[in-house]
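Annotated features, as they stand in TrEMBL:
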- 67-186: domain 'Nose resistant-to-fluoxetine protein N-terminal' (DOMAIN)
- 1-18: signal peptide (SIGNAL)
- 195-216: transmembrane segment (TRANSMEM)
- 258-278: transmembrane segment (TRANSMEM)
- 298-325: transmembrane segment (TRANSMEM)
- 345-366: transmembrane segment (TRANSMEM)
- 407-427: transmembrane segment (TRANSMEM)
- 434-455: transmembrane segment (TRANSMEM)
- 475-496: transmembrane segment (TRANSMEM)
- 508-533: transmembrane segment (TRANSMEM)
- 553-579: transmembrane segment (TRANSMEM)
- 624-642: transmembrane segment (TRANSMEM)
């Protein structure tokens, strides 16, 4: 029996997949487990007469008050159960058992969380018993238990060990099994710490200010053209009007309308890909099927979702060069890098700082459940390294990033910091500097190729089960590995700047060839590794995988550049009609907030479960649209009380009477454009907003 339980509790997904649930030994061993009763009933039958000795207190030891209280409550529980008292039956009824679906990868039995925590039985004037929900951890398994709150996990470990020794002939040296104190929860919850209180007060104050200024705007400002700047910055009415304003297509020749669609589609792709990350941590009945699913064609959109990041880098580089060079032409080549950095930091840094506060403190406040005791999964990383995130160097400084998705902010900021050097060079030396940047792209691609070749790194899922995260850090999170798409976008922006207002007359053959080639590069980037991703496929050589990873870093951004060019020149057809529709504009303006907050919503919804879930593509699509809707709603509310007022504060810092064209930092304070128009001296230029190019 020891071997039987050990096999089941040491269950590994790879073994299940290899056996395909048909191995005779596994099936025979599983038959023994079916003979076990639910653990709660086993517990009560065995511990009808609880003693100090069974509690782990020997005759030579003097029991302390906690031991006696636990013993008294356990005796009351057993008495209540033997006399069929409702509260005692609930405590046993809320237990989990050996999980169903072990052979398909299920390692959770969540029991009934709310039933356990609802127990509050007054036994006497001096004795009150409350339920305490904890996980019994047996290697990778999590089984729900419910005990009197007066008993600690250490005391319960002794009961569990005795139970297993009797019924399963358990040997502690063969299996790790204990009650996890870190997972224990009671109805009282944990008191808010100072940081949580500070976060709630901060959000309340910001919300109060927005409410006051909104009422002021609505009742006292009759002429919307004369609204004071401070009121406009905090007014939900004014900011909502600006957010949801639809600008007709082709109303401004200086606006690249298709960028809104590309940005929004890429953002949706990122959120969709992240949806599946949280699926891996969910209590799925069929977790093993995730591995076979990863070898299906549809999974390539998730596995290779990182190409959406490269789309954002292309947009970022394009907008920095095109908008800034247009501004420099008007100002005689002047550029103020310090002001560029200041305005960008004002718009991005406070939102990130507040995001760290909300992620680390508010999850337990807004939700709960058996999977939610510890709150945000990266809380420990934030406590240790939050400052790396605020310095925008977390992609190099630490392996475990505070907010996982903010690695993009670090890369984007680092590339933005070097942008004045590139702008001044290309403005002064023109095509010579552009040639130098092209050579830099080749060198960076060679660096990426050499890094993967020399270290034999692989990013295929089937090859990364036992790595330490270093390949991902060096090949994916590093700035120099994403610099090539950004620089390609930068060069493309320079090309558009040189040819602004020019109409390229292309033959139908050239147009079709461009579209076929670009689509081939896009779909090859996504599906080229599909055959090799199958679990039964032979492994790719390091050379093959390195070539794929390096060349797609160039192919994808060049294909995106063609899509933008074709749409601008009137060769976009249906693609241009879809990407350039004005309906993308509100989501495009809100995209920074959506990006920042989407993982908060996804983690809350994925961990706020009371029962096991079932994985399927359809169920994930259902959850995705559900999470996207909540994300947009949360992003809109936090946009009104955080991002919009900060952007308004940034506008207040700008000198009065200076046109946006003459103020270079205004144009490129953030490379993520709003694609709105600011008219000055009959010249319209795109305004830029924080991180609307982010993934």
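Cβ atoms here come from the backbone N, Cα and C positions, even for glycine.
TrEMBL annotations: computationally assigned, not manually curated.
Shown for the domain 'Nose resistant-to-fluoxetine protein N-terminal' (67-186): DSSP residue counts in helix, strand and coil, namely 47 helix, 37 strand, 36 coil.
The transmembrane segment (475-496) makes no contact with the transmembrane segment (258-278), as judged by fewer than three Cβ pairs under 8 Å among residues 6 or more apart in sequence.
When each of 258-278, 407-427, 508-533 is scored by its Cβ pairs under 8 Å to the transmembrane segment (624-642), the top-ranked stretch turns out to be 258-278.
Sequence-distant residue pairs (6 or more apart) of the transmembrane segment (258-278) and the transmembrane segment (553-579) include at least 3 whose Cβ atoms are under 8 Å, placing the two stretches in contact. For the transmembrane segment (508-533), the list of distant contacts is 294-295, 297, 299-301, 303-304, 307, 460-462, 539-540, 545, 548, 552, 555-556, 558-559, 562-563, 566, 571: same-chain residues at least six beyond its ends, Cβ to Cβ under 8 Å.
The average pLDDT computed over the domain 'Nose resistant-to-fluoxetine protein N-terminal' (67-186) stands at 83.
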